[in-house]
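Novice: The annotation active site, proton acceptor is assigned in TrEMBL to E1272. The [2Fe-2S] cluster 1 binding site annotation in TrEMBL covers C49, C54, C57, C79. Per TrEMBL, the feature [2Fe-2S] cluster 2 binding site maps to C119, C122, C154, C156. What TrEMBL lists as FAD binding site is 266-273, 356-360, D369, L413, R431. Residues or ranges marked as Mo-molybdopterin binding site by TrEMBL: Q778, F809, R923, G1090. If you look up TrEMBL, you'll see F925 marked as substrate binding site. Residues or ranges marked as domain '2Fe-2S ferredoxin-type' in TrEMBL: 10-97. TrEMBL lists 238-423 with the feature domain 'FAD-binding PCMH-type'.
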Amino acid sequence: MAPQGEAAAEELVFYVNGRKIIEKNADPEEMLLSYLRKRLRLTGTKYGCGGGGCGACTVMISTYEPASKKIRHYSANACLLPICSLYGAAVTTVEGVGSTKTRIHPVQERLAKCHGSQCGFCTPGMVMSIYTLLRNHPEPTSEQMIAALAGNLCRCTGYRPILDACKTFCKESVCCQMKANGKCCLDQEEDLFDKEEKVSTSLFSTDEFQPLDPTQELIFPPELMRMAENQPKRTLLFHGERVTWISPVSLDELLALKAAHPKAPLVVGNTGVGPEMKFRGVFHPVLIAPARIPDLNVVKCTDDGLTLGAACSLSLVKDILTNAISELPEEKTKVFCAVLQQLRTLGGEQIRNVASLGGNIISRKSTSDLNPVLAASNCVLNLASRGRKRQIPLSDIFAHGVSNNTITPEEVLVSVHIPHSRKGEYVSAFRQAPRRENALPITNAGMRVLFEEGTDIIKDLSIFYGGAVSTTVCAKQTCCTLIGRHWNEQMLDEACRLVLKEIALPGSASGEKIDYKKTLMVSFFYRFFLEISQSLKAMDPCHFPGIPMEYRSVLEDFETRMPHSIQIYQDVEPSQSPQDPVGRPIMHQSGIKHTTGEAVYIDDLPSVDGELFLAVVTSSRAHAKIVSIDTSEALKGPGVFDIITAHDIPAANEFYYSDEPEIIFARNKVICVGQIVCAVVADSDVHAKQAAAKVKIEYEMLEPVILTIEEAIKHNSFFEPKRKLEQGNVDQAFETVDNIIEGEICIGGQKHFYMETQSVLAVPKGEDKEMDIYVSTQHPAIIQEMVAASLGVPANRIMCHVKRVGGAFGGKLLRTGLLASVAAVAANKTSRAVRLILSRGDDMLITGSRHPFIAKYKVGFMNDGRIRAVDAKYYLNGGCTPEESVLVAEVSLLKMDNVYKIPNLRCWAYVCKTNLPSNTAFRGFGFPQSGLVTETWITEVADKTGLPPEKIREINMYKKNEQTHFKQKLDPQNLIRCWNECMEKSAYYSRKIAVSEFNKQNYWKKRGVAIVPMKYPFGMGTRHLSQAAALVHIYTDGSVLLTHGGIEMGQGIHTKMIQVASRELNIPMSRIHFCETSTTTVPNACPSVGSAGTDVNGMAVKDACQTLLKRLQPIINENPKGTWNDWIKEAFEQSVSLSATGYFRGYNEYMDWEKGEGQPFTYFLYGAACSEVEINCLTGDHKNLRTDIVMDVGCSINPAVDIGQIEGAFVQGIGLYTMEELKYSPEGVLCTRGPDQYKIPAVCDIPEQFSVSLLSSSQNPYAIYASKGIGEAGLFLGCSVFFALRDAVTRVRNERGLKKPFALNSPLTAEQIRASCADAFTELMANNEAASTALQATSV
């Protein structure tokens, strides 16, 4: 081949949506995502995380294989696909699937009409995953459908409506609602519906869906077929700004390249090298892409196994193994089955479609799920280098840990041989991860045993673990020691000790779960022991007893199945006009645009001429003095325009919303890791980020560094004021009670993880200091105020525009204002438009989270379960600035009673000042924390009195018209209705009996069930926070333009506002248009927070419409038979104004903290949820089996939207209470900075049976059309899963005679569940001696 200097760079040829692309300057560092968005202006494909973890950027890739004459379609993450790897491929994006301009595709139509989008940001990725599946399988099974979505995250919907849309394509109907009575099998109880009420159970109608017609899809470009058939394959070479890409066509050429560039990595799917270069700053000047070499793609069945090319994708391997298993006798396929098991949960479909078998092996990551089982199974690697071929056992590459150099830099892994299993040989693979699918493992294992023929004597044994240390490890000595032993308890006992002794886990900095990993290692071996004992019995039942019946269920892993779901709501009155949309399940106004990718978000706005990109430079220290900032290197970088610091701010750098300031740029010192110190503007986001990495900041550490609540208490570091609520005589009450419990619970924070990261585009107008700010925020008015103050101009020069927000949940308020100010200051200094789009990692690092919480409580109660006294202290971790923290503390106090009447109560709330990024508002605003604390002590009282928790709840619940602990009146009638209806719909008591029955028959798996009631007070605390305004124009053609101060972030507010206007003006919704929320049309709007958007803006829209109708009335009276258009024309001719503003003054709410009383809330929402779970006591894993929710939402304006809000919030609650764990280094650096480390709920986490009912005939006189604000309330109900898990753990502990009271913290992760299910294996961690007898007892 030609040396590198002489070879001319190729033209890159590929197709996008049927259009030919010829790229003359392909840059190997450019990923398909940025190419589509920036170069081709196809912005439907979204940036969500940049690391292949969220699926927002999913596209379909099609390739043609001339040998087989087959076209292969597969989904892939555009953010990880280098464009250079696409030579000769056809790319289909969401725009190519369908659009409102041409025709929409059935996938897009059904997803929208089934209400499968809320904020809409993840929707194009969902569409592409489903679309690709349908291209390969026009009638998929529900298993295929669920698997196709495992790599796609959604933060809004809770997945249920997305799956509803998917079910319409599946060949077997997943629900049997087709029965004669139209009811679903879940609701066999006839009494589910009251006879006289008209209830409905469908939110969409399938008869209007267009059928799926596979013949209508885009064809594979014939030109690419001809290219593949006729062009001789030749080496491809692409030179970028910093990197060269070489794609050879033969093995010899590859080996020559490897000899010339021994350090160059081989890139196939880029799922390993890509994230390393992107997130870990690894740089490779040469990349070699071997995917087109036939030798690396071989698939060969031999007498003793399968040989698979190293470049085969994991999806291909999965298909090949599945096929082999179906054709070969069982005893030969043990290895294949074990490998296949690991492949099912490895990554999402998008990752498996591109990631290669060889890459997984060669990277030797300890998180590889395949390596332990491949190594244990004696797989062989076929290696080649120039003039040399050799074979080595795969296990060799793990022999001496990380320093292993078995494979030389010039060598290439050509293929892998996976052997058949032999008679008497058994292989198993295990893993435990923070989430069952699309998550890297905490620990995994591969194990194999071979017996002397016909006996249980171990002839050969191999055990490999992953996740333990930096690479896969082998328990070699253990295996040698055990050879010749019988497969019995003594062997098990010895094996567990030996493994723990042999595999020493290093204590690691990021607080890694050492004990949990060790427990898993022995638990996995125990499970292997049970499996093999069972297999021995199958071989020879006379000699081998097998394992007891109640142990067997643990051999089955939890599977993700398509959930059954049902939604029940009250139909509109028959007398309601068909044109009046209020109360009907109307599709989201932007639903179709979400699914076609036409909905525009901030980063989708076309680039402005001369636009610059901004990248922030953040502090790497938690508390330090800034000694110097050296920007010289950064300024030399390519494309760098300028660097912005605090000195460039014309006016205010600090904003005082309380005693201590919120800061734009750190000036002399930094007070948390992630604080913005300065910013770089450059001609592209890539150049800006490269330069930002070169800014050198010198620090001098300051004392103290306070990170945790405990440290804050020690240093007396708090934000003022501290708040207290008190009623009755607490101290006296404690003297008269029968019993007192004291306890403490920690509740971790939660990242908002909105799918659209923080985004701002600042465009200076060039005169009068005017500036347009396009921003993703919940509060345009505060953005306007902060930007104006920082630039020193009046607010009337700053125009803030918000079309829609890709998810917010409370995280796009003050923080966004500071980021917008950064962009505005840069735009002001450079006189250019500036775009600031945070990467996911920066977003998670810089912005705060939900407040972590520690509560200490003392509760006094009578033996009959009546709670007489509570004394509690709440400590919130506020972070480094006050932000909204004191308000959150106040709300946590006001709502802490949940649904319970507590006669004597004293409760304090303290906000800790720490060196973490400032924590902020998050859906539920303090109540999800204080509510969990209350339900925790309710459950502990139940444990102590021996009464069931639901009885304690009923005894202490508000029963009649009473006062809360801050003297506000309350009528709990609907609370009691929700509770009773939830009891009934969930069949709680019969299920409780069934759970006990299940638990008697299963030792290592246990079920738990819990029912939790809720009162969610609605209100802002002060009147001016709930005022609202609207502006309505009627044009002479009769069309209506509507705007108001509310922000659309997925909660459907614009849809509801158009419903309101449609009812008030008595015209169809199709005649009303909503353009955007802007400070130019509605000034001084309150933020869209606290579930109040619809309540207050609805009143304002109604007011404006009524004003207009009043003006039109005389004209209508004169011509009652006329049409709307006639009246409007006439009004214009009579000079009647056709524009009106509407206004709502807000609710009369107040709170006096001195007296501890007031009326901070306007009304109450009620609800109840019953959840059932199953846990695996050996791993701590769990599955959500069923949830029934009953919610009082008044009269729903749009049941589809409201049920979507309840389910979405509930699933976010599951995340908060059971999964989402924030981890910081001891220096205060956030370690969980993306979907790889931070796990939000995925499709596999939602309950397998999920029902939501809206309480019927509930009225609310205080809000628009008797509705209630529903956005936040559902989140707390996620704790029904937490308490169901607690119930399961309690049952385990009771069965094992563990009487000691135990505390569970939130999130209740697998690690905590495993530790609480104490057994011989957890004992081994504590002390090795006492455990041996215990182990004997545990085993059969």
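Glycine too: its Cβ is placed from the backbone N, Cα and C atoms.
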Novice: Run through the domain '2Fe-2S ferredoxin-type' (10-97) and tell me, per DSSP, how many residues are helix, strand and coil.
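Specialist: Secondary-structure breakdown of the domain '2Fe-2S ferredoxin-type' (10-97): 16 helix, 31 strand, 41 coil.
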Novice: Same-chain residues six or more away whose CB lies under 8 A from the CB of L413 (FAD binding site)?
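Specialist: Correct list: A310, G358, I361, I362, L381, N382, L383, I407.
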Novice: Restricting the comparison to the binding-site residues C119, C156, V268, N270, G1090, which residue's C-alpha is spatially nearest the C-alpha of C79 ([2Fe-2S] cluster 1 binding site)?
Specialist: N270
Novice: I'm trying to understand the geometry here, so how far is the Cα atom of C49 ([2Fe-2S] cluster 1 binding site) from the Cα atom of L266 (FAD binding site), in Å to the nearest whole number?
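Specialist: That comes out at 24 Å between the alpha carbons.
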Novice: I need the least crowded one of these binding-site residues (C54, C79, C122, L266), counting other C-beta atoms within 10 angstroms of each C-beta.
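Specialist: Minimum Cβ neighbour count within 10 Å, taken over the binding-site residues C54, C79, C122, L266, occurs at L266.
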Novice: Sorted by position, what residues of the same chain at least six away from F925 (substrate binding site) have a C-beta under 8 A from it?
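Specialist: When sequence neighbours closer than 6 are ignored, F925 (substrate binding site) has G810, L887, V888, V891, V1089, G1090, E1272 within Cβ distance under 8 Å.
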Novice: Should any of the binding-site residues C57, L266, N270, G272, N360 have a Cα within 10 Å of the Cα of F809 (Mo-molybdopterin binding site), which are they?
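Specialist: Within 10 Å Cα-Cα: none.
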Novice: Between N360 (FAD binding site) and C54 ([2Fe-2S] cluster 1 binding site), find the distance joining the two CA atoms and give it rounded to the nearest Å.
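Specialist: It is 20 Å, counting Cα to Cα.
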Novice: Under 8 Å between C-beta atoms and at least six apart in sequence, can you list the same-chain neighbours of N270 (FAD binding site), or say none if there are none?
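Specialist: Those within reach of N270 (FAD binding site), by Cβ under 8 Å and sequence separation of 6 or more, are L80, L81, P82, S85, V354.
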Novice: With an 8 Å cut-off on Cβ distance to the C119, C122, C154, C156 Cβ center, who else from the chain surrounds the [2Fe-2S] cluster 2 site?
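Specialist: What remains near the Cβ centre is S117, Q118, G120, F121, T123, R155, T157, M755, G806, G807, G1050.
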Novice: Relative to the mean position of the Cβ atoms of C49, C54, C57, C79, the recorded [2Fe-2S] cluster 1 site, which additional same-chain residues have Cβ within 8 Å?
Specialist: L33, K46, Y47, G48, G50, G51, G52, G53, G55, A56, N77, A78, G125, R840, P1235
Novice: Can you figure out which of C119, C122, Q778, R923 (the binding-site residues) comes closest in space to S356 (FAD binding site), comparing Cα atoms?
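Specialist: Minimum Cα distance from S356 (FAD binding site) across C119, C122, Q778, R923 lands on C122.
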Novice: Once Q778, F809, R923, G1090 are set aside, which residues in the chain still have Cβ within 8 Å of the Cβ centroid of the Mo-molybdopterin site?
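Specialist: Checked against the 8 Å cutoff, the neighbours are A808, G810, G811, A921, F922, F925, M1049, S1088, V1089, S1091, G1271, E1272.
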Novice: Just checking the binding-site residues C54, C57, L266, V268, G272, Q778: which sit within 10 A of C154 ([2Fe-2S] cluster 2 binding site), CA to CA?
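Specialist: Correct set: C54.
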Novice: Please report the distance from the Cα of G272 (FAD binding site) to the Cα of R923 (Mo-molybdopterin binding site), rounded to the nearest angstrom.
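Specialist: The separation of the Cα atoms works out to 35 Å.
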Novice: Cα-Cα, whole number of Å: V268 (FAD binding site) versus C122 ([2Fe-2S] cluster 2 binding site)?
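Specialist: Taking the Cα atoms only, V268 (FAD binding site) lies 26 Å from C122 ([2Fe-2S] cluster 2 binding site).
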Novice: Restricting attention to the domain 'FAD-binding PCMH-type' (238-423), give the mean pLDDT.
Specialist: 95
Novice: Suppose we draw a 10 Å sphere around the Cβ of Q778 (Mo-molybdopterin binding site). How many other Cβ atoms does it contain, all chains included?
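Specialist: There are 23 such Cβ atoms around Q778 (Mo-molybdopterin binding site).
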